[in-house]
């Protein structure tokens, strides 16, 4: 989706102009927002510079040996990120393993498909109250909600990816007497990888949504989502906006990171040379 | 198909057995049969049916609004490269924001009512339609465009006669993705707002009642059913309207599902 015009063969000028234009437009947009916000003086739409300063004071004005993170940042950002990382990792591992196992067997696929389609159709926030009852509030409930919503896209995509392995190649593998693990590692996994990553990208955005949602619920007591509701009840709009900016930045960084991993693993399309 | 039914029955049986055998507490996971019976009984509950109506109305309004904004915007972005390059920076910064996080801000601005719900749904479901429209425009057959241009058709005529029809399947796929996103946002806003009417509110209120897991799960069954039906209808409409655009590759694999 990104980098469609990043063709390596283009002249530096051809790629530099859109790049500069982008940043110029962004700067102009922020400047307009700043000016408009100052002119209007609305409580609801504070100027971006004030939001940025507020965010810095809240989270990024700490000591150097804490990477500039303030204690408040350690208490809000790290728990959120930790839960999200745990949820995403569990969902990815479970989804890829089960998905490939399911995709390899036509019977298993046919058996599980309707249940899977239903599970995937449930809007994930609807399930969170179930986990609240089972685990009460806290990290297990939040991780469980994240896993249960993020696992389905990976599972379905891995299964379809594994199903779509070229049968001719599988026959070649049989002729070469590759063992089952070798077949999995050199053949099925690489050919399913693009689909798996498509699923992972969907899962990542669901993880972020569920992380915030599970913290927004009344009863949660830490995390970025809690900061949001807390600021909302105090009508502290600067903090609300700062938290939104933080979440936007986190979402951007996480997504960019995943795309970079995908590009490294899938991009070259050489399956044997992978070390990861 | 038969195996699929068997699988569904198996999953049902496992849930039922786990609960009946007392492996987990009954208040955590009530037997599947009780949940399904409860879900079926809810159809007779006028308050619940009204709630579903309220949720669906917000869903449809939000999705419609999103399409009304995203399709023209996507056409503009896709047709004029300079605008696209410029807008991409702003879009790249808006999109990664998890839409659920906007619930507190929007409820401060608009109060917690239908307006908030519709606004949030529209915002969240904007992106898939927008991106698919822009992407679809890029995939239009250049030969068809050049042919029309050679015959002296203007920019707008090319857009309306070639590019829009060629993009329509992509837009439809975007709408299908957005429909699921819109349902997520509808349920999420309702659960958080906690009062009024709607499927999410039913779930949120059932959660606080004693032995409410059964009701919560019945609500989940309804939510999943809605999602399934919406997706099925949209896939059917897509298949019927854009049968000409379906690629034979990935679709051929799907037909194998019929005879396992």
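Any Cβ shown, glycine's included, is placed from N, Cα and C.
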Candidate ranges A:162-186, A:237-261 [criterion: TrEMBL lists as transmembrane segment]: A:237-261
Among A:20-37, A:196-217, A:237-261, stretch most in contact with the transmembrane segment (A:84-103) (C-beta, under 8 angstroms): A:196-217
Spatial neighbours of the transmembrane segment (A:237-261) far in sequence, C-beta under 8 Å, 6+ residues away: 2, 43-44, 46, 50-52, 54-55, 58-59, 77, 81, 197, 200-201, 204-205, 208, 212, 224, 227-228, 230-231
